[in-house]
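Enquirer: Features from TrEMBL:
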- 1-30: signal peptide (SIGNAL)
- 35-55: region 'Disordered' (REGION)
- Pro69, Thr70, Tyr71, Asp100, Arg137, Arg142, Asp168, Asp169, Asp170, His283, Thr284, Arg285: UDP-alpha-D-glucuronate binding site (BINDING)
- Asp170: Mn(2+) binding site (BINDING)
- Glu201: site 'Interaction with galactose moiety of substrate glycoprotein' (SITE)
- Glu256: active site, proton donor/acceptor (ACT_SITE)
- Asn275: N-linked glycosylation site (CARBOHYD)
- Asn293: site 'Interaction with galactose moiety of substrate glycoprotein' (SITE)
Amino acid sequence: MKSLLFSRFLLLLPWVLIVIIVLDIDSSRAPLPALSPRGGAEGGSGGARPPAPRRRTEAALPTIYAITPTYSRPVQKAELTRLANTFRQVSRLHWILVEDAAARSELVTRFVAGAGLPCTHLHVPTPRRYKRPGLPRATEQRNAGLAWLRQRHQHLPPPQPGVLFFADDDNTYSLELFQEMRTTRKVSVWPVGLVGGRRCERPVVENGKVVGWYTGWRADRPFAIDMAGFAVSLQVILSHPKAVFKRRGSQPGMQESDFLKQITTVEELEPKANNCTKVLVWHTRTEKVNLANEPKYHLDTVNIEV
């Protein structure tokens, strides 16, 4: 009798152990939270909501309009490529690229098509009489960009938040600069590196106001600043429709002053970049390329765009 009971006990023991293990596993599992109608977990503050879409946040930012004059030369595509790589990282930036040419070039047209950012491609030639050494450059191209901007916005109702700056294709820009200029109310200013024969030129700021200029050339200029050293609110551009870069009577190095005098005063300038103590843009200029070994006639069997 004892041997019969013992044999049955041994027969049932594995099944009992299996049932105990299964019950233990089920009890160790945490219950899933009940979901509210909106999909969040009930209890506490109602559960974490998904973050607001990035596009909605970006849509609230003022658009930055960058006017870039460009002209044909061996380093043109390299300069534009570096600039586009920077601009692609900036939210809500519209590039106004203006060629110094009677027609759009194939090189720049193909480049713009593959640039991967909002871009308007314009062209206007510089009259031959203004191409002499010592005369201001890119005047017609910057004015063409201003004209396009005004024409685009003239029939739109205010307010039209936006910021304009002049981005020459031979400069190097920190991404922080775009964050600084986006809050421009009227005209903002900042230092520029590697310009005027100095490590940097900058507005001199006291108590949050511009009171002078640290510059290596003609500190008596009304606005002793480089073209890369300021930004202008779109509303200011639209409210001053006659403000342009002038040819007649303008001297080399005076274009910035001639333009800014039409739209603002020194007292109204808004210092950026930690009260103009940080350099966020550099007038780097690409080294002149050495093409001494380039054949006079095209000898390569493959036509490569450089």
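Glycine is treated like the rest: Cβ placed from N, Cα and C.
Help me understand the surroundings of these features in the structure.
Expert: Close to Tyr71 (UDP-alpha-D-glucuronate binding site) in the fold, though at least 6 residues off in sequence, lie Glu99, Asp100, Ala101, each with a CB less than 8 Å from its CB.
Neighbours of Asp170 (UDP-alpha-D-glucuronate binding site), defined as other CB atoms within 10 A of its CB across all chains, total 15.
For Glu201 (site 'Interaction with galactose moiety of substrate glycoprotein'), the Cβ neighbour count at a 10 Å cut-off comes to 24, with all displayed protein chains included.
Sequence-distant neighbours of Glu256 (active site, proton donor/acceptor) (same chain, 6+ residues apart, CB-CB distance under 8 A): Arg221, Phe223, Ile225, Asp226, Met227, Gly229, Phe230.
Around Asn275 (N-linked glycosylation site), a 10 Å sphere centred on its CB holds 17 further CB atoms from the protein chains shown.
Other C-beta atoms found within 10 angstroms of the C-beta of Asn293 (site 'Interaction with galactose moiety of substrate glycoprotein') number 5, with every protein chain shown included.
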Enquirer: May I ask for the distance between Asp170 (UDP-alpha-D-glucuronate binding site) and Asn275 (N-linked glycosylation site), taken between their Cα atoms and rounded to an integer number of Å?
Expert: 25
Enquirer: Quick one: of the recorded positions Glu201, Asn275, Asn293, which has its CA closest to the CA of Arg137 (UDP-alpha-D-glucuronate binding site)?
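Expert: The smallest Cα gap between Arg137 (UDP-alpha-D-glucuronate binding site) and any of the recorded positions is with Glu201.
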Enquirer: List only the single closest residue to Glu201 (site 'Interaction with galactose moiety of substrate glycoprotein'), chosen from the binding-site residues Pro69, Asp168, Thr284 by CA-CA distance.
Expert: Thr284
Enquirer: Taking 10 A as the limit, how many CB atoms besides its own sit near the CB of Pro69 (UDP-alpha-D-glucuronate binding site)?
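Expert: Result for Pro69 (UDP-alpha-D-glucuronate binding site): 26 other Cβ atoms within 10 Å.
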